[in-house]
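Peer 1: Pulled these features from TrEMBL for this protein:
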TRANSMEM  25-48  transmembrane segment
TRANSMEM  229-250  transmembrane segment
TRANSMEM  256-274  transmembrane segment
TRANSMEM  312-333  transmembrane segment
TRANSMEM  358-382  transmembrane segment
TRANSMEM  447-475  transmembrane segment
TRANSMEM  597-619  transmembrane segment
TRANSMEM  631-664  transmembrane segment
Amino acid sequence: PFHSPGESRKFDPNFKGPIHSRGCTDVLCCILFIVALFGYFAVGIVAWSQGDPRKVIYPTDSRGQFCGQAGTPLEKKPLLFYFNILKCASPLVLLEFQCPTTQLCVEKCPDRHLTLMKAKLGSNEDREYYQQYCKDGVNLTKLSPPEILKDGLCPAILMPSKAFTRRCLPALGTLKGGVVVVGNETTFTDGKGSSINATDVLEASKKSNVVVEARQVAMRIFEDYTQSWHWILLGLVIAMLVSFIFIVLLRFLAGIMVWVMIVLVILVIGYGIFHCYMEFASLKGEPGSDVTIRDLGLQTDFSVYLQIRQTWLAFMIILAIVEVIIILLLIFLRKRIMIAIALIKEASRAVGHVMSSLFYPLVTFALLAVVIAYWAITAVFLSTSNEQVYKVFNNSECEYSRETCDPQTFNTSNASAQCPDAECLFAFYGGETYYHKYLILFQFYNVFLFFWCANFVTALGQVTLSGAFASYYWAFKKPDDIPSYPIFSSLGRALRYHTGSLAFGSLILSIVQVIRVLLEYLDQKLKGAQNKFAKFMLSCMKCCFWCLEKCIKFLNRNAYIMIAIYGKSFCPSAHDAFFLLMRNIIRVAVLDKVTDFLLFLGKLLIVGIVEICLIHFFFSIEDAAPSLNYYWVPILTVVVGSYLIAHGFFSVYAMCVDTLFLCFCE
């Protein structure tokens, strides 16, 4: 039954639902997708062979060796020591994670002030202590300080340091009055006759610390997960049970359930407003509760925010606005809600006949988890697959300056003969081979294929479900005419005939998403630039592509439903779906959105129920609850997790409603 776009389909008494005699669609795209996948595996294998995730964990010294790694000569020296931490204040550090100063692996960080001169003139013990922080094989008694410093064999000065994520950073403190000190001294000489302020040291270690601080927060969050994972699992299991009970109830009591759901959502938000008001009122007159959020700035300890009144006021206002919007929507859409309830009833019947559909989201979820894991591992291996590159560094004129060198053979090479003061130092992680030159392209390919595969998995889920529900809708005698395994037969059809169409639809979506990622990347790059026009253009483009992505997702979804029913290729299906929706635009806009809104309220309700249980548990049963750094970690995880679980169950419903609606429009 092919027809022109403007007119509706003629009645065909022999039409029995999803057509069984189909041909393969969009074969070219299917081949392209398979080739791209093989390419993806190839990139993965290359990255696995070249990459070294240890670089993320262990710090590396100037020779590119890992500190503290078992089975190496440096096994007993887990900490990294910087000769001159002040060099770390350059912004290049953040890009290459390498300070342009000599770095050594040491057993423990220095704990006293000592300059090279003092050590040289001082006692034997001082000399031995200082020698730990020099390069191997340096004899302090034989060489004079200028020679040692010229060849960069020892640091000019030691300051009291503390180990922080396996790096020795100056032990900074602040005295009363905000004076920065390093081990009780505010200034000290650098061993070359000039004095250094402790504040300069603070700046330098801050720079090498940005990465480190983020890691510290990550470690704390990780600790919290290890402490509270069973509570999180419990919360997610509760969310699953609640979702399931909810769907079973919807099956038998759709009308009542929808109204109950609406009232409950209003009550839950109302309780939220009341709770925020009580907190707001109880903080009145408390010391420090009148500080504004702006004054506080960004704190990593979020519990601070809960002690100021403004936070609770903000929560209260946001919840009140949401409440008012929901109530107004309900007043204006009450007639449409009746029709939507009828649709949900019909969808419940369909889901009842095709119960296996409720568990299909688990398949999608498992496939997505595989895609995400593969992408993440490949990304780590790619970003750590740089070799150590050594360059010739020198102070006097030398023709070999800044050339690549090999530290093993350097002392016997021409360069060291011609330039006596030159040395071969670790310059950066990178590489001279083709693989390293095109590393950024591999990273890009990795991201692109991640999007493509993820979208393909989602598309497969949509086609499978809509095929199953369409076979329910067009079955003349229910349940006799419904195939025995609707989900399996639908999945088989999708994979056998329509892999190409799915790949085509998800390719279009992926291209838009990758462009959005690139725009975000550009935005980060232009943060420093003050060009207002460029920023304005970027914001416009980001907005446009966001809208485009939403439109494409909507079109794809309906195109997939048409593919599931009629088995045409992607473009004709999208075209048919688009004109079908255009002819019924009012019905689509209202019904689709109203059912989405009702299902969204259902998700909110499930999240709310699980949430209230969890918060009461954490704050009432003090003994049973684990002691955590951040209480928001498990709570937020359960919120996101339970929303995703509810979304998984309800996405089946949404797909069912959309499919039945398109069939009904047909």
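Backbone N, Cα and C define each Cβ position, glycine as well.
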Peer 1: Residue list, the transmembrane segment (631-664) vs rest of chain: Cβ under 8 Å, 6 or more residues beyond ends.
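Peer 2: Hits for the transmembrane segment (631-664): 221, 224-225, 228, 231-232, 235-236, 238-240, 243-244, 246-247, 250, 302-303, 343-344, 346-347, 350-351, 357-358, 360-362, 364-365, 462, 465-466, 469-470, 473-474, 557-558, 561-562, 564-565, 577, 580, 587-588, 591-592, 595-596, 599, 602-603, 606-607, 610-611, 614-615, 618.
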Peer 1: Should anything in the same chain at least six residues away from the transmembrane segment (312-333) have a Cβ under 8 Å from its Cβ atoms, list it; otherwise answer none.
Peer 2: 262, 265-266, 269-270, 272-273, 276-277, 279-280, 283, 293, 306, 590, 594, 597, 601
Peer 1: Test the contact criterion for the transmembrane segment (229-250) and the transmembrane segment (597-619): 3 or more CB pairs under 8 Å, pairs 6 or more apart in sequence, then answer yes or no.
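Peer 2: Stretch pair touches.
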Peer 1: For the transmembrane segment (25-48) and the transmembrane segment (597-619), decide whether they are in contact, meaning at least 3 CB pairs lie under 8 A, counting pairs 6 or more apart in sequence.
Peer 2: no
Peer 1: Should the transmembrane segment (256-274) and the transmembrane segment (447-475) be scored as in contact, given a threshold of at least 3 Cβ pairs under 8 Å and pairs 6 or more apart?
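Peer 2: Counting Cβ pairs under 8 Å, fewer than 3, so no.
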Peer 1: By a Cβ-Cβ criterion of under 8 Å, what residues six or more beyond either terminus of the transmembrane segment (597-619) are in contact with it?
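Peer 2: Residues 231, 235, 238-239, 242-243, 246, 258, 261-262, 264-265, 268, 271, 326, 329, 337, 340-341, 344, 625, 631, 634-635, 638-639, 642-643, 645-647, 650, 653-654.
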Peer 1: Near the transmembrane segment (358-382), which same-chain residues lie under 8 Å Cβ to Cβ, leaving out any that are not at least 6 residues past its ends?
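Peer 2: For the transmembrane segment (358-382), the list is 43-44, 47-48, 50-53, 56, 244, 247, 351, 439, 442-443, 446-447, 449-450, 453-454, 457-458, 460-461, 464-465, 487, 648-649, 651-652.
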Peer 1: Residue list, the transmembrane segment (447-475) vs rest of chain: Cβ under 8 Å, 6 or more residues beyond ends.
Peer 2: 15-18, 33, 36-37, 39-40, 350, 353-354, 357, 360-361, 363-364, 367-368, 371-372, 375, 481-483, 486-487, 489-491, 493-495, 498, 502-503, 505-507, 509-510, 513-514, 517, 556-557, 560-561, 563-565, 652, 655-656, 658-660, 663-664
